[in-house]
Amino acid sequence: MPRAIISPSVLASDFGQLTAECKRMIKGGAEWLHMDVMDGHFVPNITMGAPILASVSKGVPGIFMDCHMMVAQPERWVEDIAKAGGSLYCFHLEAAKDPLSIIESIHKNGMKAGVAISPDTPSTDITHEVAQAADMLLVMTVYPGRGGQKFLDRCVSKVAELRERYPEKDIEVDGGVGPSTIHVCADAGSNVIVAGTAIFAAPDPEGVIESLKETVTNALLKANEDKKPPSSVVLEHPHT
Ligand SMILES: O=C(CO)[C@@H](O)[C@H](O)COP(=O)(O)O
């Protein structure tokens, strides 16, 4: 059964105190940190690249950097991000000419591989081969490019469709996720939750992390329970 993982998006943090902000989130219960890398081509904004990630990994030993690569040439940055301490390299399917070879290169460089889809990309564009090779699938619930946007409900059905196809895979949601939208994401089957504004702008980030995690864990347990045969059937056929 997949487990609940909360990955605060540092895009909503104080970049002047990035290392301290990451430590604050880990202390508050976050397991991963979501690092939004934007190149000004795939999306209009520019955020951070390998040198900043390297400083963070040096300043926060053991950090799991969930790197969301909003870049036009995802194959180009794999080595640099690995050297900078990236733990997971998630690239956009829309930008990839050969997703399978990018996944192979990510694995060769010692990172987990993620494949992201933007709101207008159907989940069926992720082929079975690509989904199987990837460690994580990311369903964007806003258009990539900036934080603080409104959650797009219409993307949730893609999470459910992918969860149906891949019961054990890590499935991440990102964009406008917080206490008011977590239930639909969790019920659809996402287990890795990215939240920026909802966590960093909260007076009690630890409380938000804890409640997001609890909601997701409960949904995962319920889905797992629902898969089991009813207990009466088990009792009637103890040897089957
Ligand atoms: O990738 C992105 C935006 O492109 C996200 O990671 C956002 O940074 C999430 O921020 P909130 O919507 O949670 O504020």
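These residue numbers are counts, starting from 1, taken along the chain as shown.
For all residues, glycine too, the Cβ spot is worked out from N, Cα and C.
Predicted automatically and left uncurated, TrEMBL annotations should be read as such.
When TrEMBL records His34, Asp36, His68 as binding divalent metal cation, the matching candidate from Asp170, Asp174, Asp187, Asp204 it lists for that site is Asp174. Residues His68, Gly145, Arg146, Gly147, Gly148, Gly176, Gly196, Thr197 are given by TrEMBL as substrate binders; from Ser7, Ser9, that same site also lists Ser9. Ser9 (substrate binding site) falls within a strand segment according to DSSP.
Annotated pair Thr197 (substrate binding site) and Asp174 (divalent metal cation binding site), C-alpha to C-alpha distance, rounded: 11 Å. In sequence order, Ser9 are the binding-site residues from Ser9, Gly145, Gly147, Gly176 with a C-alpha within 10 Å of the C-alpha of His34 (divalent metal cation binding site). For Gly145 (substrate binding site), the binding-site residues whose C-alpha atoms fall inside a 10 Å radius of its own C-alpha are Asp36, out of Asp36, His68, Asp174.
Each of the binding-site residues Asp36, Asp174 was ranked by the number of other C-beta atoms within 10 Å, and first place falls to Asp174. Listed in chain order, the residues near the divalent metal cation site other than His34, Asp36, His68, Asp174 are Ser7, Ser9, Leu11, Met35, Asp66, Cys67, Cys90, Leu138, Val194, Gly196, each with its Cβ within 8 Å of the site Cβ centroid.
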